[in-house]
Amino acid sequence: MTLLSTVSIARVQRADSGDYRCRLRVSDIEIESQPISIQVEGLPTFTRQPDDKNVTRNSTFNLWCEAVGPPNPIRIHWLRNGVRVKGYITSSPSNYTVPGDRDTHTRVCMHTHTRMHIHTHICTYTHTHTCTHMHIHTHIFLRWTPGHDGFSPLTTCQIRVSKAPRSLGEVRLARIINTAAPPFQSDVPGLQAMTWYNMSVSCSNELGHSPVSTWVQSNTTEGVPSVYPRNVTVMLNESMLVIRWKAPPQDRVNGILMGYDVIVTYGTRVNKVNWPLSPSSSPDTIGSDSVYIILGVVCGFCLLLLVLWAAICMRSRILDTRFGGEKLQPIVQYRPQKSYNRSAIKITLGNLGVSDELQAKLQDFMIMRNLLSIGKVLGEGEFGSVVEGHLKQLDGTSEKVAVKTMKLDNFSQREIEEFLNEAACMKDFDHPNVIRLLGVCLEAGSCHFPKPMVILPFMRYGDLHSFLLRSRLGDSPLFLPTQTLLKFMIDIAMGMEYLSGRNFLHRDLAARNCMLRDDMTVCVADFGLSKKIYSGDYYRQGRIAKMPVKWIAVESLADRVFTVKSDVWAFGVTMWEIATRGMTPYPGIQNHEIYDYLLLGNRLKQPTDCLDELYEIMYSCWRADLLDRPVFTQVRELPTKLL
């Protein structure tokens, strides 16, 4: 008699490995077979997988793939876009040579289904969006969004600019401006005022230029005339003074001519006559004819002065030669009257929705962008940078300045208006320990909002925190005596006393926001305007804006309310920075741990070599109860006693 038994294991796993026996029971007698061993071998393992590649069109390239068993031997198959490559089965390792290719596709090295993508370099595609912003009389700021880069980085872009044709079929030559990419924006200079222009953009990678984008049309604003009137002559005709001139060429008026100012200077006497033009007058009608102004009253006044002068000097010159004398030659000065109704700055502020009241405050404080030239970067952070600049003056000279710029992505329309409101309050500050704000400039930043820039006097030593660090850790360490450090603290206290006396909250007092003059005098700066430039000392809680938590009073961390006493708290931390020569407050404590650390009653430790009396002043600034903290007059007087 023969018995046959079969065991089947579905979906074999590695756990099924082991010894197996067959056991038979007959009349309480067990018979067991010899053991057999079953070892479950796994799938092959890849030791080298193919990588994504960007290749140039029609060029040969290699793909590598390698795997190890068990089981062995390993056979490798290649797939292209999910279809097995015929006739290409190799042992491991496999080197697959691909001839020149024109398509973008996916290749798979079989056994693991690991995919890599092969991108063929091609010329970039046409740009998807082009727009203009910040039009002024000689410049247009252009911004565009690039199309697909063809798997090769874009390096340069070409802007084509031509005057818009005045009639159908008219051909205008285009001027080409080359600019590096990125960024995908550029200033288009050298334009004629009050003129329409067509502009298009193309960009290039290593393989060539993209097609030209759709042409966009934009215009420049009005500007002042670029030339004075021609052929100015003065004639004396009995009792009348006749002044003649020809109007400026129409292509140099740069707008709609609204009138002339004629200034007659005789000795110390000045008379001004305005010659308005009718709004309905055509510029062409005044371009070819002379314009006459009959100044009978002025001439009579001049003649009277001449008679008196002749009597005093006992001269007998003929009256009409008096106007030809060396000393008393009549001077005719031409001052062009502005022909535009709204400047570029006013247009920009209006587009932002800035109130008329704020526009009036900023009228003499905003600075045209073309008066400011930007130089090298002095410092840079996540939210902006400090750059060196030169500001043109009315007398033709330039002043070296520091310019603080903000990255536009971090500013909303409301924040820009708050920024301008604060700048309007600051423009009247006048104190030796408060930095003088020279002005604010708006630069084209995107298709929607301009980017604000703060213009400050240039300080050779830079900010106080960097100076303290250099004195301690620089290549040539500088010893700063206690008297010098106390002087720094007193300077800051005097500046803050001035600001608090004008009901102005700083909200971001720290050594990094104080500047050092050439005479080592410290000035309080960055009155909340530029606090986002230095990102390392700022921390975001949830969706709350980033805050310099290690300088903020404990009550302000809780409810985000700032008072003069919260500025006093920050002054105490700044004193600690100065005493430690630039160390970071609360070493070893993370930003998100500060609030709980302070609630437990912990404060900054007394620095090494710090006077006990000085630390007591610091500690008094960090009292939990606002009413127990000193005012700035007290924190100014107390360190003075230690000098």
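In case you wondered, yes, glycine gets a Cβ from its N, Cα and C as well.
If you check TrEMBL, you get these features:
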type	residues	note
DOMAIN	44-113	domain 'Ig-like'
DOMAIN	124-223	domain 'Fibronectin type-III'
TRANSMEM	291-312	transmembrane segment
DOMAIN	372-643	domain 'Protein kinase'
BINDING	K404, R512	ATP binding site
ACT_SITE	D508	active site, proton acceptor
BINDING	N513, D526	Mg(2+) binding site
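Summary: among the binding-site residues (K404, R512), the fewest other C-beta atoms within 10 A of the C-beta are counted at K404. For K404 (ATP binding site), the spatially nearest entry among the recorded positions D508, N513, D526 is D526, judged by CA separation. Sequence-distant neighbours of D526 (Mg(2+) binding site): residues of the same chain at least 6 apart with a C-beta under 8 Å from its C-beta are K404, D508, R512, N513. According to its DSSP assignment, N513 (Mg(2+) binding site) is helical. Counted over every protein chain shown, other Cβ atoms within 10 Å are most numerous around N513 among the recorded positions D508, N513. In this structure, D508 (active site, proton acceptor) belongs to neither helix nor strand by DSSP; it is coil.
Taken residue by residue with DSSP, D526 (Mg(2+) binding site) is part of neither helix nor strand, so it is coil.
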